[in-house]
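Reading through the structure tokens given below for one structure.
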Amino acid sequence: MFKLALSGFKHRWRDYLVLFSGLVMSSAIFYMFEALATNQTFLKQNSMISMISFVFQFGSVLLTIITLVYIGYANSFLLSMRKRDYGLFMLVGARKGKIGQLIWVETLFVGILATIVGIAFGAILTIGVSHLLVQALGLTLKQFSAWYTPAALVTLVLYVGLFLIAGLFNLVALTKTPALKLLHSNDQPNRPRLHPVRQSIEVIIGLASISIGYWSMAHLIDLKMAGIGIALVTIVLGTYLLFNAVFVWLVVLLKRFKWAQRGLNSFTLSQLSFRIRNYTKILSIVAMLFALALGAITTGLGFHQQVPMMAAGGSAYDLSLVNPTAAQKRTVASLNPTRQATYHYKTTSKVVYYNAAEFDQQPFYTANTSGTTHLSFKYAKNNAKQMKKSFYSYQLGDLQTRLNVRKAAVYLPAAAYQKLKQPEAQLLVFATKNFQKHFATFKQLTKAQNKRGANLQIAATGGRYYAYQEFNGMYSGLEFMGFFLGIAFLAMLASCLMFKILSGAAADRQRYRMLDKMGTTQRQLKQALRKEIAVLFVLPGIVGIIHVLFGLQMFKVIMITSPYTGIWLPFTIFAILYLGYYWLTISIYQRIVLQ
Amino acid sequence: MPTTPIMTVTDLHKTYGKAGSKQYEALKGIDFDVQPGEFVGIMGASGSGKTTLLNMLATLDQPTSGEVTIHQQPITHLKGNQLADFRANEIGFIFQDFNLLETMTAYENIALPLMLQNVASKKIKPAVEQVATQLGINEFLSNYPNELSGGQKQRVAAARALINEPAILFGDEPTGALDSKSARELLDMFTKINQEQAVSILLVTHDPFSASYCQRILFIKDGRIGQELHRDQLSRTDFYQQILDTLGTFEQ
């Protein structure tokens with residue numbers, strides 16, 4: 001009996017490969033997500049915002065729902081593959097109990113094996129992705145490790161649990177069905193039916209629940225955890241209902257146009273309507289994943305862009321040097337500074353004396369911020385008189401040495417300054433056109449400066465270079481989470497769609513062969529194929545973008561800049577990835593179906 | 001009266017397996033003609049090469065050597081778009097397993113060849129309705145294949161094959177999956193369109209009953225045409241008896 005089962009396995013190893021790789025991908029990504037979500041020390045360390053852990057719980061629940069559908073889907077694929085074989089076993093006289101056992105064992109075996117391989121694969125992916133991100137974005141990560149045992153446990157428990165349920169479901173489904181029905185259980189077409197009343201109700205409920213979801217995401221500060229729960233339920237439900245109602249209607253409507261009568265268009269529409277139920281489910285999932293991935297990448301990039309902006313708002317200068325050597329001066333000159341000044345000063349234990357005349361000749365620039373954030377600011381010139389009055393003159397002190405950073409600044413007339421007996425020192429401040437370009441040089445300069453003695457060490461508070469380091473440290477964790485999750489969700493999306501498309505490929509292959517026999521050109525076949533898959537990509541893409549645009553409201557709480565700043569950049573990056581993925585899917589599909 | 005044949009087959013060979021490895025010669029030189037409006041049957045036991053022959057005639061496979069012309073057009077070396085256009089315009093094909101697209105309604109299945117040729121949608125509907133009336137499937141047009149019986153499915157397939165007004169209609173055991181009543185109806189319908197519209201038909205079968213509807217039968221054995229029967233003025237029942245007798249001696 002088990003030999004029989006195994007022979008069926010060998011016979012259809014390609015289908016099993018699709019199923020298995022799909023499950024491995026899914027559990028790998030789930031692990032990737034959990035490696036972040038369950039790592040409380042990492043989350044706490046890297047976010048001063050308690051909201052973050054809410055966001056992760058939100059993600060966790062959502063991903064569990066997606067996994068649920070995914071496994072249900074994989075399971076029906078497994079079931080459809082085995083139905084014929086089991087029907088055959090029953091015909092040759094196998095006992096139902098024995099067959100039940102077989103189904104149970106097979107489902108669990110495939111499931112558990114896939115999960116274990118998936119977790120291992122997930123850990124490898126986590127190492128790769130985190131390494132890549134740290135390198136590419138210059139992030140600093142603490143407390144993050146690619147192997148995190150609780151995450152592996154959570155993944156294992158969830159998946160094994162789901163497969164136990166799936167096995168039970170298969171057991172009931174198969175043993176309750178008569179043998180003959182199992183033998184001839186080919187896909188039955190779903191006749192696309194229009195129920196205007198039911199569909200209108202679906203559209204209304206769908207739109208209403210999506211609006212509630214959007215609203216609660218925008219009011220997350222008031223609603224707290226409840227808001228996330230509400231958004232979760234309503235948006236998932238709304239997306240599904242909308243697709244369910246609109247998709248059927250769309251296909252039926254399109255068939256009435258003349259356009260549908262040309263070439264293979266009617267075939268493509270029939271293909272879509274034939275699998276309408278599977279498609280609405282997968283489209284809702286893809287739309288959700290699309291929104292999650294794009295949202296995560298947008299937020300990550302938002303934090304990334306925020307850091308230099310915040311640094312720029314803290315000072316008008318990149319770096320300062322005290323008593324620079326000739327070599328240091330040459331280095332600074334080689335950077336073509338756009339703004340540069342050298343101020344002489346003398347110090348006591350409490351006061352730094354500057355020569356006021358120098359400030360009148362070469363005014364000191366301050367970054368004058370407005371509003372509650374540090375992000376809208378103007379650079380203003382200050383002579384000695386203005387320095388005395390300006391709130392922002394502390395920015396000069398920040399550029400001083402460690403010893404002088406907290407001392408009061410006094411601007412003396414030239415004569416009075418000359419009379420002071422303390423030794424005189426020089427403070428060189430400069431700014432370049434683009435401070436992020438010169439990080440390597442700045443690092444060299446500060447290293448050399450610090451080596452020259454404790455009294456010459458610059459305080460790590462002033463200047464855009466130091467500010468950047470500090471903010472980057474603060475935001476690295478958040479950036480990392482954004483990008484990491486973005487990539488994970490994108491991969492999940494890819495594996496979902498891939499799975500959907502590949503699992504139907506065998507049946508499609510027959511259909512395309514028939515078309516070929518009837519005299520369809522290869523060009524027409526390819527076009528039909530591209531159109532069908534394009535629909536599967538474009539529809540969830542549109543819905544996903546809309547979800548993201550509203551979903552970014554959530555991050556108003558966390559982000560200092562508006563979450564919509566520079567939004568075109570992540571959207572473009574994402575569009576390119578998505579398009580690339582579309583071409584990949586098409587080329588794989590063509591290889592299966594048309595050869 | 002000598003007419004130009006609609007199809008000529010000249011010295012057709014087909015060898016499976018690459019040179020050097022173990023080879024199997026399925027067809028060992030086949031020659032015959034089909035005249036316009038003729039109803040020809042090809043008979044033979046399983047493995048005699050009849051399906052191989054049909055695949056080559058219908059451009060689904062390429063012969064090792066020899067030539068097939070349909071409407072004076074050599075077809076064995078057609079490729080790509082030419083091949084597709086030829087299939088779409090010149091031949092109709094009916095399979096044992098119907099080969100209907102189960103995702104589309106009967107109407108859509110029948111209309112598909114016209115849609116592929118980008119025929120104006122105004123012309124499609126009357127064309128489909130005309131051929132459907134002919135084959136008596138008007139009332140099933142909005143049904144999906146899985147909602148139809150085998151006989152109805154095969155009539156839909158026939159309608160799809162005929163809608164382009166092909167030069168020749170190929171049938172590969174078209175009655176193989178049908179009950180005797182449906183089979184008889186389908187064959188009557190073949191005779192009708194053969195006589196009324198002068199559509200040339202080439203039927204491959206191993207069933208003597210189906211073959212008895214033909215005007216001429218070619219018997220294939222081991223890759224060669226072994227014998228040829230003409231119905232001439234015989235009644236169908238007598239011809240059936242003659243086929244049975246021939247088969248009895250032929251297969252010995």
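Each residue, glycine too, has its Cβ placed from N, Cα and C.
TrEMBL annotations: computationally assigned, not manually curated.
What you are looking at is a predicted structure, and each value in this text was computed from that prediction instead of being measured.
Under the heading transmembrane segment, TrEMBL lists A:16-33, A:53-81, A:102-127, A:147-174, A:201-221, A:227-254, A:282-303, A:480-502, A:533-555, A:567-589. If you look up TrEMBL, you'll see A:59-173 marked as domain 'ABC3 transporter permease C-terminal'.
Cβ atoms under 8 Å from those of the transmembrane segment (A:201-221) belong to residues 51, 227-228, 230-235, 237-242, 244-246, 550-551, 553-554, 556-557 of the same chain, restricted to positions at least 6 beyond its ends. Long-range contacts of the transmembrane segment (A:147-174) within the same chain: residues 27, 30-31, 34-35, 37-39, 64, 67-68, 71-72, 75, 78-79, 82-83, 86, 99-100, 103-104, 107-108, 110-112, 114-116, 118-119, 122-123, 126, 182, each at least 6 residues beyond the stretch ends and with a Cβ under 8 Å from a Cβ of the stretch. Here the transmembrane segment (A:227-254) has long-range neighbours at 54-55, 57-58, 61-62, 65, 192-194, 198-200, 202-203, 205-210, 212-214, 216-217, 219-220, 260, 269, 272-273, 276, 279-281, 283-284, 287-288, 539, 543, 547, meaning same-chain residues at least 6 beyond its ends whose C-beta is under 8 angstroms from one of its own. Counting Cβ pairs under 8 Å to the transmembrane segment (A:480-502), the stretch among A:102-127, A:282-303, A:567-589 with the most such contacts is A:282-303. Put simply, of A:16-33, A:282-303, A:567-589, the stretch with the most CB pairs closer than 8 A to the transmembrane segment (A:102-127) is A:16-33. For the domain 'ABC3 transporter permease C-terminal' (A:59-173), DSSP puts the residue distribution at 100 helix, 0 strand, 15 coil.
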